[in-house]
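Noted in TrEMBL for the protein shown:
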- 10-50: repeat 'WD' (REPEAT)
- 51-92: repeat 'WD' (REPEAT)
- 173-216: repeat 'WD' (REPEAT)
- 250-307: region 'Disordered' (REGION)
- 257-267: compositional bias 'Basic and acidic residues' (COMPBIAS)
- 277-289: compositional bias 'Basic residues' (COMPBIAS)
- 297-307: compositional bias 'Basic residues' (COMPBIAS)
Amino acid sequence: MRKKVEHGALLQHNGTITCLEFYGTAHLLSGAEDGLICIWNTKRWECLKSIKAHKGHVTSLSIHPSGKLALSVGTDKTLRTWNLVEGRSAFIKNLKQNAHIIKWSPDGEKYVTVIMNKVDIYKLDTASITGTITIEKRISSIRFITDSVLAIAGDDEIIRFYSCDSQKCLCEFKAHENRIKDIYSFEREGQHVIVTASSDGYIKVWNLDLNKIKNMPSLLCEVSTKARLTCLAVWLDQASEMKENCEKTATSTQANEDEKPSVDKKKTVCGMNKSGKLTKQHRKIVPVKRKLEAPLQKKKKKQNSSE
């Protein structure tokens, strides 16, 4: 993405690709109309395993936050749970109708399925429905904002925020002039950002204040693509952000060193922890003058001994 270079094409499926989902930066899962789910290694871009998942089309899939499980739904009216560690089926549940969306919650304790205009909320430990949300229009996209707040876009111009616990609508607002096709959300610097794409050709970015969720989110920016949008993905350049933060930290550290050259200092080093968050570590730095003192003293001693 940074170099804007195309890597190539992955040619494993024999039908139209219907869903894609990354797990971290190492693996990619793909589902298609041929009924297969393929697991890809993103380092070498090779297919590690191809699973015959559904008798019909695979319509949607979602990976558990732990990376050990995945859920899929298809046109065979089944919801299937997959053991990704062993690459085999773990559980099959029959549905009354074909579901076209499935999604895990961020904490992995619940998941939702979408059938037409209805959202069924399941609890993981019991695999039973704990609540249902129904809207007037067919649902085109859903997104967990938090573990308990769900954003729903139907085939209209409205974005709705629902509570997964009470199944009540917390807020709704007109976001576009035409049908909303997809929603994306992420959190940065404590703020929840919502990105929406519509058939009107606009991509809009909103700021959502969860403490004032009854109020309409504020529009941060928008862009007209002059195209009929059908889906959306957001790329967050975390590497560039980390580099920028490191440069700011290094600049401020250097300024402090210039002010106090004779005092022992601590240098702040930026890095990434296992969860992918920016961390700061402090390392003690000994001034250059002190490093030179020891060799000079040894040299003087040698001269005195030779005399």
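Note: Cβ is positioned from N, Cα and C throughout, glycine not excepted.
Per DSSP, the secondary structure of the repeat 'WD' (10-50) breaks down as 0 helix, 24 strand, 17 coil.
Sequence-distant contacts of the repeat 'WD' (10-50), counting only residues of its own chain at least 6 positions beyond either end whose CB sits under 8 Å from a CB of the stretch, comprise 56-63, 67, 70, 72, 74, 82, 84, 87.
In the repeat 'WD' (51-92), helix, strand and coil residues by DSSP number 0 helix, 25 strand, 17 coil. Across the repeat 'WD' (173-216), DSSP classifies residues as 3 helix, 26 strand, 15 coil. Averaged over the repeat 'WD' (10-50), the predicted model reaches a pLDDT of 94.
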